[in-house]
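Novice: The structure under discussion is supplied below as structure tokens; questions concerning it will follow.
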Amino acid sequence: MQTEHLAMASVPVQAWTGNCFEWEQALRVGTIFPELNLPFFAAEQFCCGKTDETGMTDREALMNQISCVSFALDDLRLFLDTHPEQQEAHNLREQLVMKRKELLKNYAENYYPLTRDCAGPWTKGPAPWEGACC
Amino acid sequence: MWSYEKRLQYPVKIKETNPKIAQLIISQYGGPDGELSASMRYLAQRYSMPVKSVSGLLTDIGTEELAHMEIICAMVYQLTKNVTAEDAKTAGFDAYYIDHTKGLWPQAAAGIPFNSCEFQSKGDAFADLTENLAAEQKARTVYDNLLRVIQEPDVREPLQFLRTREIVHFQRFGEAMEKVKEKLDSKNFYYFNPEFDTAFFKNEGASKAALI
């Protein structure tokens, strides 16, 4: 049970609600948790954004799926670091890990490898900073 | 160890060359509250952090900050990729161009080189975690300042993503403070330094008894 003390900083511990943004929207916003989406007035318009998949190549659409699932895992991992007892979050993590493995394998087979566990040479495919991530 | 994944955490695809914006954004690469500073801060602090879950959190956030550094570098790179000597002369990028051409080099917006004096690793759990809370706030302020002056949507989108991450990290460091507090006697959190006076920390029962 969290209590406040004099001369000590205190931030309330986040509760797990099970309510997350869709992964696509979570990436645009910067968190999977609606309660942590606290936009700045000068950038509010982005906070409900969704990627327009029309006009994307198949490769770009697959990369977008990888980005969304991987980011959900990034955010969930930090939540689990401070909430290791949260079973529902663990279950969600397991589902996402499986999904990500499948997407990475698919990407390596059809385009180029993204991790050293995927087959293929490093020289295949553009560098990420060249705009190949969308 | 670390292993590289060949993609950005958040996509960056900037169409227009704009060395002026690059000059502002580069602060989040090598500036006092930038992503390089953030990653080095957390990855340095974790070794002596006495609570395992908290040193784990420092590792995970420090790792994510490396990915943020890559996003900022990709933005600076794309904003200056097609810059000409003429652009460099007129767009406020001249001093940087003379020293680095289009190469990436960690510096603050005002040209001050990256300096590890900008961040702390104090060897005291409360001092370090309080520093981290402030650091996340300072980085958020820089993103606010950038978002107020930059209008280009393809530049603003990654900036607002990075801004939200500062808020999420602030929340997690706050929760990490609670993890440390749980291990100590709330009557006096400052009775000893849990990273240095380890005999007290390992024998919590005795330390609590000593206080009563």
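Cβ atoms are placed via backbone N, Cα and C, with glycine included.
As the structure is a computational prediction, the values presented were derived from the model and not from experiment.
When I checked TrEMBL for this same protein, it listed these features:
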BINDING   B:Glu35, B:Glu65, B:His68, B:Glu136, B:His169  Mn(2+) binding site
BINDING   B:Asp60  Ca(2+) binding site
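Explain the structural surroundings of these features, please.
Specialist: In the three-state DSSP assignment, the secondary structure recorded for B:Glu136 (Mn(2+) binding site) is helix.
According to DSSP, B:Asp60 (Ca(2+) binding site) sits within a helical segment.
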Novice: Give the distance between the Cα atoms of B:Glu35 (Mn(2+) binding site) and B:Asp60 (Ca(2+) binding site), rounded to the nearest whole Å.
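Specialist: About 14 Å separate the Cα atoms of these two residues.
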Novice: Can you give me the residues near the recorded Mn(2+) site, meaning same chain, not B:Glu35, B:Glu65, B:His68, B:Glu136, B:His169 themselves, Cβ no more than 8 Å from the center of the site's Cβ atoms?
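Specialist: Residues close to the Mn(2+) site, other than B:Glu35, B:Glu65, B:His68, B:Glu136, B:His169: B:Ala38, B:Ser39, B:Ile61, B:Glu64, B:Ala139, B:Leu162, B:Arg165, B:Glu166.
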Novice: Sequence gap of 6 or more, C-beta under 8 Å: which same-chain residues meet both conditions with respect to B:His169 (Mn(2+) binding site)?
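Specialist: Correct list: B:Ile61, B:Glu64, B:Asn132, B:Glu136.
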Novice: Among the binding-site residues B:Glu35, B:Asp60, B:Glu65, B:Glu136, which residue has its Cβ surrounded by the fewest other Cβ atoms within 10 Å?
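Specialist: It is B:Asp60 that, of the binding-site residues B:Glu35, B:Asp60, B:Glu65, B:Glu136, has the fewest other Cβ atoms within 10 Å.
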